[in-house]
């Protein structure tokens, strides 16, 4: 069929391998995955009830959870972003870069300009307005609650440039990389391989048809929850800024919950109409409109302000960004987080408030934005896709923050020279009027900083505030309607044209969730929801690492560098959840409490030596760890010795699995072996034992009978 929006027969048959329920309500069609839809709705609304009923508990515990993620997992967030960036850059310059997201003869559905405006409007939301002025100010002055990373180090000029540089870092390659990865593999599988446009499809190169079962449902449930939480918190928090802007233009419009709820439902109504209209009409035109208005504001400020100053900032910032990209990309703030600097020049919570916040936020949004970008990318080559989803957005971020961040920093520095401080009635923290056109931005709330700057442009101030509000609302709408469309698709097993009734349901769910939280719990409840969505990014970080492996294998198979029928383990790591039997359940219990038995059996058959020797070698570090954990109550510190001993168990198991792969020409690498043994040791032990049973069935049968006799006797 010529129209890509029309699902062809092959794609429809593949999609129906998933759990599907189809029926009609008053002639309105319904087609959904009942497991994904029902469980996702229960989780979302259950979480809303938790935030509403126990607001204080949610407001305290969830931010603590976010801080725990920062304390324990900063290295993972920071390190993986760099690995993904290196992978995508290598992919761009590889021979796979010419492959298309679609058939070789297919052309792109949308023009380059329309394509970029749609993906940018969906992926960036209102962040450029909310942080366009505010973030550079926070990094310039030490007054924020997270402290300042560069406090007391050097001159104001150097501090200003670093403030711009780290802002661009948060909105550049490392942010957009997660959208690129998901959009790339999903677009390739959907448009070229006819796979459903749903997150479970990303794992087909690794799991095969198992994605159509329970594991695939779990992946899509997590994706739906991440998307709804991300969009709802953005909607709830963003209306506070819109309400602030309306109040500045008309004092009769108070900053109140009532007005903020009205704003939410106005946005939800427009987003619902847009999502009903589909991608080609509603979402496309809204994206083009909001991007055009944003560029109009950019050009006005660029020409009205000191143009030569802004051009200097842009040129200088490009150099700084390229020079410090690697250092910033790997910086974990290790010494600052330790909190023991003798000179006191540290910001212990800075990483939690900024970089980890951003990476968790980008990752939490990745299933929705990546899926949406994949949907509109048919006919693009991999190189084109990477350029428009990674390179061009980074350049645009450089342009945006050079203009608005530069304008904000100029106002802040001029206000400091004028002696304005936070307590001043004009230009101070609570001032409603500037002092000689200046506000001390570092004293102001982040919701006000944008309007403080754009209102400083003489007689155009009111107009600039008004047009900014229009752009803010439109960016909200495009994020909301894109998110609703993706959730519709995920809950309908990747249906390219989900029924209208479902689109309305999910769009209204977003609005109702944001309303309930804002009305009952206020910003505290929304902050809790935001913390939860950021914490969910930790789980998606693991998923994205698997996607890297899946993407590489998929491309190697496509180019003929790897056979799709390459040798595999006879028993997958997760097969027990798909094909449970009494024997396998018993084997799993044995592997949990005595992993030395299946591993030793496998090693004995693999090396052709006495299996009891291997069992003893494996059992010593495993039980040594358990003994140290128990004796921890008698001597503090033994648990750490136990964990060190346990890694001997992991290393030995890794060696057995690696040798087994080499022996049977099974695809994989040492890192996969190690993480399989470390994270899933009972399943890895079962896998090795099961594979060797098939490789040496007679010897395996004797071993199984001998241990089964002992187990049953016990």
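For all residues, glycine too, the Cβ spot is worked out from N, Cα and C.
Per TrEMBL, the listed range annotated as transmembrane segment is 286-304 (candidates: 134-152, 191-209, 286-304). Between the stretches 75-93, 94-112, TrEMBL puts its transmembrane segment entry on 75-93. Looking up the ranges 113-133, 323-343 in TrEMBL, the one annotated as transmembrane segment turns out to be 113-133.
The transmembrane segment annotation in TrEMBL falls on one of the ranges 356-373, 410-427, namely 356-373.
Which of 385-404, 485-504 counts as transmembrane segment depends on TrEMBL, and there it is 385-404.
Most Cβ pairs under 8 Å with the transmembrane segment (356-373) belong to 528-552, among the candidate stretches 262-279, 286-304, 528-552.
385-404 is the stretch from 113-133, 286-304, 385-404, 528-552 with the greatest number of Cβ pairs below 8 Å to the transmembrane segment (168-189).
Across 35-55, 113-133, 286-304, 385-404, 528-552, stretch 286-304 shows the highest tally of CB pairs under 8 A with the transmembrane segment (457-477). Counted over residue pairs 6 or more apart, the CB atoms of the transmembrane segment (113-133) and the transmembrane segment (385-404) come under 8 Å in at least three pairs, which marks the two as touching. Outside the transmembrane segment (35-55), and at least 6 residues removed from its termini, the chain residues within Cβ reach (under 8 Å) are 19, 214, 217, 220-221, 224-225, 228-229, 490-491, 493, 509, 513, 516-517, 520-521, 524-525, 528-529, 532.
Among the recorded stretches 75-93, 286-304, 385-404, the one sharing the largest number of Cβ pairs closer than 8 Å with the transmembrane segment (528-552) is 75-93. Residues 88, 91-92, 97, 101, 112, 115-116, 119-120, 123-124, 128, 132-133, 135-136, 164, 167-168, 171-173, 176-177, 179-180, 183-184, 187, 298, 301-302, 305, 310, 313-314, 317-318, 321, 373, 377, 450, 453 of the same chain sit 6 or more residues outside the transmembrane segment (385-404) yet have a Cβ under 8 Å from a Cβ within it.
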